[in-house]
Amino acid sequence: MPTVAMIGGGQLARMTHQAAIALGQRLRVLAASADEPAALVTPDVVLGSHDDLDDLRRVAAGAVAVTFDHEGVPTDLLHALVAEGVNVLPPPEALIHAQDKSVMRRRLSEMGLPVPDFVDLDGPDAEATLRDFFARHDGRVVLKAIRGGYDGRGVWMPDDLDDAVAVLTRSVADGTPLLAEARVAMRRELSAMVARSPFGQGAVWPVVETVQRNGQCAVVIAPAPDLSDELATQAQTIALRLANELGVVGVMAVELFETQDGHLSINELAMRPHNSGHWSMDGAVTGQFEQHLRAVLDYPLGDTRARAEVTVMANILGADSAPEMSMDERCHHLMARMPDARVHLYAKGERPERKIGHVNIVGAPGDDVAAVRERAERAAHWMSTAVWTDGWDEHGRE
Ligand SMILES: Nc1ncnc2c1ncn2[C@@H]1O[C@H](COP(=O)(O)OP(=O)(O)O)[C@@H](O)[C@H]1O
Ligand SMILES: [Mg+2]
């Protein structure tokens with residue numbers, strides 16, 4: 001069987017390896033250290049750095065494709081690999097749209113797709129450009145690092161112009177180029193996940209609602225409740241069109257805003273398995289991790305239908321201080337109380353706000369969305385903190 005190599009040893013690589021096992025394969029990973037989530041589970045680990053060409057060559061040697069668990073690999077190194085005959089998927093020309101928010105914004109506007117108004121803040125006139133943009137949008141602006149941000153790190157919502165200028169000044173001093181964009185008056189956030197193979201087959205999952213807390217994804221409801229057929233189809237069409245026109249291979253998440261006046265606006269793209277697709281591991285006929293492998297291997301893509309009327313995913317985050325009760329014991333109690341909870345743990349240390357796992361609850365026919373969501377969040381909160389949000393006493397003592 002073929003070997004796929006993945007750059008990065010985080011939870012996305014770990015869960016891709018899990019899908020590789022079912023396909024009779026094992027994933028090779030490039031990990032920074034032996035205790036990263038994926039390095040702990042696959043025997044085929046190359047220890048090294050994603051910004052070292054020799055390390056990238058070592059992990060690529062003999063692999064049928066090289067793909068990604070994060071978007072941090074420098075573009076020039078990817079081009080060097082391609083020039084040496086490595087099958088980099090998604091290709092660097094596509095991946096750049098998930099690495100560079102400015103390139104992505106420009107390309108999407110050229111394609112006539114809905115994006116928030118934006119401007120690059122670079123060069124000597126950056127402050128004047130920011131002041132002008134700020135005034136034009138009545139101060140409703142968001143500042144973003146063009147490269148390198150994730151989980152809301154690299155996104156600032158300034159309170160006023162002085163605050164915005166301070167963010168810019170700090171970023172110029174750190175050498176972090178920024179862009180400014182209009183702050184979207186939104187009803188909620190959505191994600192449209194799509195997969196595309198080199199053959200050109202495309203497959204989209206149902207559009208989901210994503211709930212962010214502190215700039216990072218906390219909960220996903222699949223499919224997005226009460227989304228009109230028109231907006232759902234529009235979001236799926238955008239995802240398929242982007243996958244095709246950008247030449248994506250693998251899975252891609254298209255993060256969207258549903259605006260208060262009922263339109264879609266595209267936030268950003270991720271060309272790898274994504275937090276908004278974790279529900280599909282238990283809630284769809286084909287999960288995103290297997291689909292990513294199928295796509296990079298140019299296998300026919302799997303059925304993306306939901307298995308239930310509703311599936312809710314809730315992230316397990318590291319608590320402010322790790323509870324005294326061990327993770328093992330928390331797991332035991334969760335299973336005792338919620339036999340239908342699907343737990344996915346990443347074997348990561350518990351640090352505040354860090355994503356260390358997730359729980360999926362696949363609803364039964366007729367289940368109320370709010371009730372399924374409450375159970376998923378209750379389970380995830382328990383796993384984080386060893387506290388039941390409804391006051392339940394796991395030892396039956398009142
Ligand atoms: N233009 C915007 N208007 C309103 N909220 C935004 C805007 N851009 C980003 N956000 C909020 O910030 C979050 C993180 O921004 P995003 O660009 O997706 O960064 P990251 O790369 O960290 O995921 C979004 O999920 C959304 O909640
Ligand atoms: Mg995002």
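Any Cβ shown, glycine's included, is placed from N, Cα and C.
For reference, TrEMBL has these:
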type: BINDING; residues: Lys101, Lys144, Glu181, Ala182, Arg183, Val184, Glu189, Asn267, Glu268; note: ATP binding site
type: DOMAIN; residues: 105-297; note: domain 'ATP-grasp'
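Features recorded in TrEMBL, as mapped to the structure shown.
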residue	record	Cβ within 10 Å
Lys101	ATP binding site	26
Glu181	ATP binding site	22
Arg183	ATP binding site	15
Glu189	ATP binding site	20
Glu268	ATP binding site	17
- Task: Using CB under 6 Å from any atom of ligand 1, narrow the binding-site residues Lys101, Arg183, Glu268 to the ones that qualify.
- Result: Arg183, Glu268
- Query: Listed binding-site residues: Lys101, Glu181, Arg183, Glu189, Glu268. Which have a CB under 6 angstroms from an atom of ligand 2?
  - Reply: Glu268
- Message: In the three-state scheme derived from DSSP, which category covers Arg183 (ATP binding site)?
- Response: coil
